[in-house]
Amino acid sequence: MNLKCGLIGLPNVGKSTLFNALTKLKISAENYPFCTIEPNIGIIEVPDKRLKHLNNIVKTKKIFPAIIKLVDIAGLVSGASKGEGLGNKFLAHIRETNIVIHVIRCFKDDKITHISGEINPIHDAEVIQTELILSDLAILEKYIDKENKKFFLKNEHSIELLKLLKRIIFNLNKSIPIRLMSLNNEELMSIKFLNLLTIKPIIFVANVKENGFKNNLLLDQLKIYAHNQNIPIIIICAKLEEEISDLNNIDKKFFLDNLGLKETKLNDLIRASFSLLDLRTYFTVGKKEIRAWTIPNGTTAEQAAGIIHTDIKRGFIRALTISYKDFLLYKGEQGCKNAGKIRSEGKKYLVEDGDILNFLFNI
């Protein structure tokens, strides 16, 4: 699965700094708006301790974690839905993502300008949400206006779609994003072709100073707002995370130990993205490599095979399956075979998180 996360926020909130920390790339993080015009794209490895445990048994040459493609989208501003601040272009980049990570500034610093002149995290969050809502409204109204005369009243499906779109517009006008409208799966699928923005899952990243994790009024305000909007929030010091990302493993461990942390906060963000998208991981394990593959919850064995290659899906025969727990308990494939723990699953088998799969196919 090609998972793409969009990193958004107002200008000068720490997006590019966080991007640098996550991807270990060095891009411009200058203190002026729109220093990022074309989206920067980086690859993030998904931390998964199971890979290490599997390799302790297999002793393979290469390990390939699951990956996330991260897109640093230039700072949005009020009026983006009308093209302000190159807004239309930036909103188009967001449409291409699976999940939105919204970076919000929760610290004061006179040396770092704020586009509105004051630090107000709730206002910043609402500016972005308003622009996404306005963009969705424009798309829906344009679609209805264009298609209404063609077919909306020609069949029952068209009539039901029109009713649904009008209900969505009604709620959007009340500043309710689509993700909070409790639409059923059938309704969600019927509007998927419109690629609307407020349907996308979202995570808030509260960017604080090193001493801003506690006793931070700005952060407390954002926490309450996030709770009311049913949005998960991850608290990060982007500058600190960028500094940590530059260290070697020994220095990094020493640094984190001094902070009383086992790992960086970035891992919390990556795991939160996985959780919000309801993703699962399965593994292919061999002497040459161990590889993690990302799939949505509810993926069948046949669909999982297609993640590797369409030929494997097309020629699918069966999937030899071992649970992660059994693989560790019986010390690998041969031990599982001796214990009768290798299952032969068909096309419709729903892959479980942690399954070790070996696809048999013929083309």
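Using N, Cα and C of the backbone, Cβ positions are placed for all residues, glycine too.
The candidate list VAL46, VAL58, VAL208 contains one residue that TrEMBL assigns to the ATP site with ASN12, VAL13, GLY14, LYS15, SER16, THR17, namely VAL208. Of all Cβ atoms in the shown protein chains, 24 besides its own fall within 10 Å of the Cβ of VAL208 (ATP binding site). Long-range Cβ contacts of GLY14 (ATP binding site) within its own chain (separation 6+, distance under 8 Å): VAL103, ARG105, ASN207, ALA238, LYS239. In this view, VAL13 (ATP binding site) is surrounded by 26 other Cβ atoms within 10 Å of its Cβ, with every protein chain counted. A sphere of 10 angstroms centred on the C-beta of LYS15 (ATP binding site) encloses 28 other C-beta atoms.
Counting other CB atoms no more than 10 Å from each candidate's CB, the binding-site residues ASN12, SER16, THR17 peak at SER16. Secondary structure of the domain 'TGS' (268-361) per DSSP (helix as H, G, I; strand as E, B; remaining residues coil): 34 helix, 33 strand, 27 coil. The record assigns ASN12, VAL13, GLY14, LYS15, SER16, THR17, VAL208 to the ATP site; their largest pairwise CA distance measures 15 Å.
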